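Student: The structure is given below, and queries will be raised subsequently.
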């Protein structure tokens, strides 16, 4: 491992109450405090604060987000802050996933089907490789990282060490590559494949888009080089390196046979149990399915649904927690939970949904009982693995604050505690938005008047309703009156959601209406007004935390305002308004003391998510493709993911035909397009 230290690179220094929060959280982590909370208002630079804490603490860090999109945004920000350190991205690699299921009511069996995103799979392998080879690692992950991943000990033990001057027979290297699930393909070399050309073996590692070339002289390794995958040019030569397995699930041959014996024993016991209950159909079904899987495992070392045998393959005890990404971290690691009030409930809920589906499959003879141990971690198992954690939220939950040695003031409702760092001051001097309460009667026409005012100033408006029907009706009403408005609903996929938000920022439309999608993680500096309809209807969507989060969507604009339409002041409204006013007073006093004039937040419109080039959102026809390839600088951001995908195909085709100049042109265009997406 390297001894590299984290080094933050930024064109500005911590200001406001960032220095105090950084000092408090760093001292706590270095002093052995297990749980801390960063209670930071929207737009106060929480990510920058956490980056500085990571630099001072110096521990490998897992940053947990509650969805792929937010994880991608965090990954981009942290890569900008840590250009010389390893900032990795680890989320579910499925573009599409239909889990195996059985519906007894209709006797319907649904086979597992999935589409794996090759780019994300590479990033996952890159994350685990970095954790083995260096300490200056930040892994930004979604909650899917608590699913089983394969044992890190076996993964590391299976790695193939190569060193210049070492003696190894070429055929032995090929055998080892096959053992760790690389495929030989002398025609099309790619990730997880290798080819042989005389005394040269070329390998496409699972964790890089470059090629490893191993040159032999007899039985001696003469040279090890990294190659450009398109031109074949040598990027650099190295003295030694490890080739990690092509899959995270690695089972040695002797362990595989032991696993098959254990599966046979469990099958025998399960068949006897089902026959004893006179469930003859289920007994025949499990016997037939499992014997077929065993034959496949012994012949090729793999079968469909092999993950359902993971308990036996990993030699775990019944009920024992599976290995996951956390087990790849060293002992002294740090957990950062972003938007903790949303992410922590996800951790608690992951196990229950999975367990219910598996139980039905097991009861009806589709899977052995041990399949239940192919699962995500239970919440207690997850927290048992955590050494130190920092919870980050504008509205942390009671549980996080209590763990951080604090609680809620019964009179004011304010969160505070010994290990709770509060961050209220924005570096830009922008105050929390003003909050107004107006009657429900005439709310739509009043809102329409406010929208016209904002549109005249080229500002944007967010409107949140209680029901999908009301959002649809309101959208139609505003459209009929000439307002450029869009409706954001729950069926919209992550990539399209990014495009809609980008279009709002660009001014393609002025008003965005939604139900529960206008809260955490929306960074929209152009929004100057947030309207909350039916604010006095108590419930999840109008609870104190939800209201504070929604208010925060207008907290990045100098003229930010929030209008709550309500006929009465609920307890949640009162607490949210009081907390917002408390923050405004602190911010106003700080600005006056430091002569600070609020400045608008400037955020590049082309700064986009890593997900934009990891998922293809639309197809381009051939004419559009040729035009886009000829002038990549003029391509619409929304079209870049597909253009990159198709240019990569043409680049590989050109390379196969040995047309390296043309392939290099494609490579350069792809590089420029990706830089545009990443805002470089």
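Quick reminder: no glycine exception, Cβ is built from N, Cα and C everywhere.
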Student: Which one of these stretches, 93-116, 117-140, 141-164, shows up in Swiss-Prot as motif 'Beta-hairpin'?
Tutor: 93-116
Student: What are the sequence-distant neighbours of residue 42 (ATP binding site), meaning same chain, six or more residues apart, C-beta distance under 8 angstroms?
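Tutor: 394, 549, 552, 553, 555, 556 - these are the non-local Cβ neighbours of residue 42 (ATP binding site), listed in sequence order.
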Student: For residue 40 (ATP binding site), name the DSSP secondary structure in the helix/strand/coil scheme.
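Tutor: Once the DSSP labels are grouped into three classes, residue 40 (ATP binding site) ends up as strand.
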Student: Only counting partners 6 or more residues apart, tell me which same-chain residues put their Cβ under 8 Å from the Cβ of residue 40 (ATP binding site).
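Tutor: Counting only residues 6 or more apart in sequence, the Cβ neighbours of residue 40 (ATP binding site) under 8 Å are 21, 46, 49, 392, 393, 394, 422, 423, 424.
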Student: Other than 40, 41, 42, 43, 44, 45, 46, 47, which residues of the chain come within 8 Å of the ATP site, judged by Cβ distance to the Cβ centroid of those residues?
Tutor: 49, 394, 423, 426
Student: Among the binding-site residues listed here, 44, 47, which has the most company in the form of other Cβ atoms within 10 Å of its Cβ?
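Tutor: Compared across 44, 47, the most Cβ atoms within 10 Å surround 44.
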Student: Cβ distance under 8 Å to residue 41 (ATP binding site), same chain, sequence separation 6 or more: which residues?
Tutor: 394, 423, 424, 426, 432, 552, 555, 583
Student: Which residue counts does DSSP yield for the motif 'Beta-hairpin' (93-116) in the helix, strand and coil classes, in that order?
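Tutor: Helix, strand, coil within the motif 'Beta-hairpin' (93-116): 3 helix, 15 strand, 6 coil.
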Student: Tell me which residues of the chain lie with their Cβ under 8 angstroms from that of residue 43 (ATP binding site), as long as they are six or more apart in sequence?
Tutor: 426, 428, 430, 552, 555, 556, 601
Student: Measuring CB to CB from residue 45 (ATP binding site), give everything in the same chain under 8 Å that is also at least six residues away in sequence.
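Tutor: Listed in sequence order, they are 18, 423, 426, 427.
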